[in-house]
Amino acid sequence: MSSFSLESLQDAAGPVSRETFDRLVAFEAMFQKWNRSINLVAQSTAGDVWQRHILDSAQLARIEPNATHWVDIGSGGGFPGLVMAFLLAERAGASIDLVECNRKKASFLQTVIGQFNLPARVVARRIKDSHALVPQPQIVTARALASLSVLLELTAPWLTSGARGLFHKGRDYRAEVQESVNRWAFDLVEHPSVTDPHGVILELSNLRPV
């Protein structure tokens, strides 16, 4: 198990306060209790939530250090959405909407938001029904949710209106990108993951149909 340290968090996310680090450590303990009941993440990764999930999510703050209006789709156990909520608490006026239709997972997300007074809101709807409920974001995130082509279909109402996507992807991301260009054109920046040697964060912008 990787050690919890402010340094590891700052290596992933950039400048982060000691207070935010302490809050994330408390969140990790709370997460472990809930995960034993409702299986928020696979048991194979539950023993290293700090490295595999929290730090993996936190690296988005380094990639985009300024945006204040975010939406995370298919938020599940809160990665990356809840982690970003903790980090966005350090940005004046920042907030994130968490779209999650599973009632138990939405309840978990809402409990964490209330416990830590996070700048976040749960949108308990299916993703395709959430667009009218979420003000136009600057950043859209998703992790371990769907193929890139499906993600683009789900997020097109936002990405074709000026938002950028930050999507965690694994070793097969190039095939997903190639599949997506049959339907969409977009600008793409590949950010190597700081936690997974085979992973990337795909930054997509200027989405338009072809």
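We count from 1, first residue shown onward.
Cβ from N, Cα, C; glycine included.
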Q. To which of R143, R164, R171, R174 does Swiss-Prot also attribute binding of S-adenosyl-L-methionine at the site defined by G74, F79?
A. R143
Q | Additional residues around S-adenosyl-L-methionine, ordered along the sequence, whose Cβ is within 8 Å of the centroid of G74, F79, R143 | A | S57, D72, S75, G76, G77, G78, P80, G81, T141, A142, A144, L145, H168
Q: Enter the number of other CB atoms within 10 angstroms of the CB of F79 (S-adenosyl-L-methionine binding site).
A: 24
Q | Residues near R143 (S-adenosyl-L-methionine binding site) in space but at least six apart in sequence (CB under 8 A) | A | D56, S57, F79, P80, F167, H168
